[in-house]
Amino acid sequence: MSRRKVAILISGGGSNMLALARDMADPGHPAEVCLVLSNRPDAGGLARAAEMGIPTAVVDHRSYPDRASFEAAMMAPLRESGAELLCLAGFMRVLTPGFIEAWAGRMLNIHPSILPLFPGLHTHARCLAAGMAVHGCTVHEVTPDLDSGPILGQAVVPVEAGDTPDALAARVLPMEHRLYPPVLRRFVAGERAPLALLA
Ligand code: GRF
C-alpha cells in the first residue's frame with residue numbers, strides 16, 4: 001500500500017508542522033510529507049522543514065490582488081508535489097469555499113480551543129475572559145464555515161489561577177503536538193471517531 005502524500009501549510013514557526021513531519025518520518029506511517037508551503041517568506045518553519053530535507057514552497061499572499069488568485073497560485077506547487085491531503089498547521093489565511101471544496105474531505109486544521117467554543121482568533125484571552133476551568137485544542141476537518149468542520153480530536157488542559165493568555169498558550173501548544181500526529185494517522189486509516197487526550 002503506497003503512503004498517502006501530505007502537504008503541510010504554515011504561516012509561522014511551524015512547531016505543529018515539525019510534530020507531524022517527525023511522526024511521518026516513521027517508515028511505517030501510512031502517509032509521508034511531500035511539501036511544506038507557506039504564505040509568508042519569513043516563516044521560521046520553512047528552514048526547519050528544509051533541515052529535515054522536506055521540499056518547501058512560498059506563495060506570498062501579499063503578492064496577489066485577492067484570495068482566489070492567491071489560492072490558484074498555491075495549487076501549482078501542491079499539484080507538483082502530488083499532495084493528496086492538506087494539513088493546516090498554524091496557517092493563518094482564511095480559505096475560500098472554492099479552495100475548500102476542491103480539497104473537501106482531504107484537509108485538516110488544528111485550532112487552539114475546545115471547539116465549538118472560541119472559533120477564530122485570540123482563543124486564550126477569550127477563554128480566560130469567560131472564566132473557563134479548562135481549555136485545549138481541536139483537530140477538525142476543514143469546511144467552508146470557519147473552525148467548525150467535523151471534530152477529529154481534542155486535547156484538554158486545566159486553566160490555572162493567575163494564568164495569562166501566554167501562559168495558557170504555552171500549556172496548550174505541547175498538547176497540540178501530542179494530538180495532531182495520532183489524529184492524522186487515524187484519518188489516513190479512515191478512522192473518524194474523535195480522539196480525546198487529557199493533560
Ligand atoms: C498554534 O497554537 C496553532 O494552533 C495556531 O498557531 C499557533 C502556532 O502554531 N494556529 P505553529 O507553531 O506555527 O505550528
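Cβ coordinates are placed from backbone N, Cα and C, and glycine is handled just like the others.
For reference, TrEMBL has these:
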{"type": "ACT_SITE", "residues": "HIS111", "note": "active site, proton donor"}
{"type": "BINDING", "residues": "GLY14, SER15, ASN16", "note": "N(1)-(5-phospho-beta-D-ribosyl)glycinamide binding site"}
{"type": "BINDING", "residues": "ARG67, ASN109", "note": "(6R)-10-formyltetrahydrofolate binding site"}
{"type": "DOMAIN", "residues": "5-184", "note": "domain 'Formyl transferase N-terminal'"}
{"type": "SITE", "residues": "ASP147", "note": "site 'Raises pKa of active site His'"}
| said: Measuring Cα to Cα, how many Å separate SER15 (N(1)-(5-phospho-beta-D-ribosyl)glycinamide binding site) from ARG67 ((6R)-10-formyltetrahydrofolate binding site)? | reply: 25
| said: For a quick check of packing: other C-beta atoms within 10 Å of the C-beta of ASP147 (site 'Raises pKa of active site His'), how many? | reply: 19
| field | Entry from the binding-site residues list SER15, ASN16, ASN109 having the most other CB atoms no farther than 10 A | value | ASN16
| query | Judged by the number of other CB atoms within 10 angstroms, which among ARG67, HIS111 is the least packed of the recorded positions? | reply | ARG67
| request: Taking a cut-off of under 6 Å between Cβ and any atom of ligand 1, tell me which of the recorded positions SER15, ASN16, ASP147 pass. | output: SER15, ASN16
| field | Other C-beta atoms that fall within 10 angstroms of the C-beta of GLY14 (N(1)-(5-phospho-beta-D-ribosyl)glycinamide binding site) | value | 23
| message | Give me the CA-CA distance between ARG67 ((6R)-10-formyltetrahydrofolate binding site) and ASP147 (site 'Raises pKa of active site His'), in Å, as a whole number. | response | 18
| query | When you put HIS111 (active site, proton donor) at the centre and draw a 10 Å sphere around its Cα, which of the recorded positions GLY14, ASN16, ASP147 have their Cα inside it? | reply | ASP147
| said: Using the Cβ center of GLY14, SER15, ASN16 as the N(1)-(5-phospho-beta-D-ribosyl)glycinamide site position, which other residues in that chain lie within 8 Å, going by their Cβ? | reply: ILE10, GLY12, GLY13, MET17, LEU18, ALA19, GLY45, ARG48, ALA89, GLY90, HIS177
| field | Averaged pLDDT, computed only over the residues in the domain 'Formyl transferase N-terminal' (5-184) | value | 98
| remark: Students should find that the Cα atoms of GLY14 (N(1)-(5-phospho-beta-D-ribosyl)glycinamide binding site) and ASP147 (site 'Raises pKa of active site His') sit apart, in Å rounded to an integer, by 19
| query | Hey, does DSSP put GLY14 (N(1)-(5-phospho-beta-D-ribosyl)glycinamide binding site) in a helix, a strand, or just coil? | reply | coil
| query | In Å, rounded, how far does the Cα of ASN16 (N(1)-(5-phospho-beta-D-ribosyl)glycinamide binding site) sit from the Cα of ASP147 (site 'Raises pKa of active site His')? | reply | 17
